[in-house]
Amino acid sequence: MNLFKTGADSVADASKSAESDGGKDGVFDVFYNPPTIWPSFLVGQRGCPVRVAIVDADAHFTNVLQQELTQDERVEIVGKAQSLKDGKRLCRSLEFDVLLLDVNLADGSGFQLLSYMQLHKSSAQSIVVTAMDQDENVIKALEMGAAGYLVKHSWFGNSAQAILQVANGGAAIAPHVVKRLIKSFDARIHELRGHLGEKPKLAERLSEREKDILRMVAGGYTSAEIGRKLDISGLTVNTHVKNIYRKLQVRSRAQAVNHASIFGIL
């Protein structure tokens, strides 16, 4: 017996029933490539996949990555480039949702492209995919607005899943990198608190609703999931997140959670 097919058929029937009743809550779609039960309220649907652009100097790796991503109906590759120059052109001329980029490019640095992207494609998300997993590179990428950091040739990674996570307001960081960063952040917390003497009153800058949303962001919830829990729209959640960025003077969810952890907001 194919347990996935049996379960998927049950979910599909229930979803059709819910949809016919006029309700949208709890509606799911079933993807068989790969086998996935996917909620209809998340970004990345049949007929409207997450648009992905790739900027990487390694043509072989790009081809392997493309083969992996084309197996998932929820994502679509819309453009590729191998250099910083072509990556900038891609940012100016192409509509995409998530950019995958390497740190090392033929004529410059992926960090330069991250900075350029903030000016010319701020609505899109970015994930660094590189062989360089040094802490300073990871932290720099996150500080420059990257929502993910994956390590090439790792057995513990799913590129499509990372893209979907980021497109839905989450983050995607290689597990072994996260473990190192936690230790690094712990050390920085003690150092910062020692230098500051007393905890800044950052918590007073945020409303109670903003604190609730920040806690959920730290818990890994996407904007859509937070909206469902708080009975507000995903767009309203994103507006609150932008206000949190402004008040904490940060540029990404990772930075906001880091600041909140350091200064005792969470």
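Using the three backbone atoms N, Cα and C, a Cβ is placed for every residue, glycine included.
TrEMBL labels come from automatic prediction, so no person has curated them.
Listed features, source TrEMBL:
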DOMAIN    51-167  domain 'Response regulatory'
DOMAIN    199-264  domain 'HTH luxR-type'
MOD_RES   Asp102  4-aspartylphosphate
REGION    1-22  region 'Disordered'
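Sequence-distant contacts (6 or more apart, same chain, Cβ under 8 Å) of Asp102 (4-aspartylphosphate) comprise Val55, Asp56, Ala57, Asp58, Gly110, Val128, Val129, Thr130.
Broken down by DSSP into helix, strand and coil, the domain 'Response regulatory' (51-167) contains 50 helix, 30 strand, 37 coil. Taken through DSSP, the domain 'HTH luxR-type' (199-264) splits into 48 helix, 0 strand, 18 coil. When pLDDT is averaged over the domain 'HTH luxR-type' (199-264), the result is 85.
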